[in-house]
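S.K.: Here it is: the structure, laid out below.
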Amino acid sequence: MRLLLKDCEMPEGFRERFITSAYRRAYSTPWECVKSLFYINNESFNVWSHIFTTVFFVMRYSTLLALTQTPHLFDPFTLPLFASAIGTFTLYSTSSMAHLFNSISERGYKICFFFDYAAISLYTFTSAQAVFFYTRPTNTNWIIFEIPSVYMSLAATLSFIATYSTCKTGNKVFKYGNLLRTISCLVAWLNCTLPFIVGVTLCSCHANSSTSCVAFSACNSASVGYYFRHAFCTVVAGLMYSTRLPERLLPGRFDLVGNSHHFMHVFVALSTEFGLKLFEFDIKHKRSWRQREGAWADTTADASFINTVGAAVIVMLINAGIALWFSRSLKSKESVHEK
Ligand SMILES: [Zn+2]
């Protein structure tokens, strides 16, 4: 039995546009999917890139946790970091599993990616939590920066909308589906970086003023540099995903390596790293700076288990619920182990 097939040998529901070869057998069993880890096929790069990314971020968050130097594990200063870790690990592990098991059935293919979308939305929410608690400016008079529950509610709503719209457009063949998915994720991302952007554009540097808004990491050029790199990688990832370049120009040439999805995986991982560096700066320096100057308000003082880890788990369950709801609405004739 041949392991690799051409697109014309695959049922419609398994085909990726402009990818013409190296498909795994349709209706594979879960064990066959696991075995596909060990031979080159057109999902190998997608699976392995995010397995390595997951391992990398497990190590990265462990070192960040050590940097916080808090007296106990559930200190308000570490809680947003835990929430962010939940989102990051969920995103990269779900993505690699979705790519690994998507040849089980046409229905399974869609279900895998509904959960992948849900994980992306959870990740934008937990990133928003970390950016909010570590980098937000103080004294802005912006209600969304003064009351955590207001900002969290907005971030959660945008994350649900992103999951709903991506599952909705992924469910049907829709001409502008990719673009719509990209826009909904872009809006959630803009909200996620808002606390930092406001700090850079509107607020004065450091404390000493009790009346006007003040920012911490926004005053540091290294930090702003990380933000630009993070934004660049996110935009490139979104553009490559929505345009399907370069494989659109040379179908079949980039089946194993170098297609838009591969670039998207790499750029998303890079954008996560630069985003992490952004609040790593706050974790490293804010406390000592505050102790020295005495004027800097502690932006993590109002972090609690409920509005960090608790909120992340609730948002995870609701996003998973949306993905499950779309999964159940798929036609049952495309059953998971159909032969
Ligand atoms: Zn992917």
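Cβ atoms here come from the backbone N, Cα and C positions, even for glycine.
According to TrEMBL, the transmembrane segment annotation covers 45-67, 79-101, 113-135, 147-167, 179-202, 305-326.
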S.K.: Count, for each of 79-101, 147-167, 305-326, the Cβ pairs lying under 8 Å from the transmembrane segment (179-202), and report the range with the highest count.
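M.R.: Looking at each of 79-101, 147-167, 305-326 in turn, the most contacts to the transmembrane segment (179-202) are made by 147-167.
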S.K.: Sequence-remote contacts (6 or more beyond its ends) of the transmembrane segment (305-326), Cβ cut-off under 8 Å?
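M.R.: Here the qualifying positions are 74, 79-80, 82-83, 86-87, 90, 111, 114-115, 117-119, 121-122, 125-126, 129, 133, 148-149, 152, 156, 159-160, 163-164, 167-168, 171.
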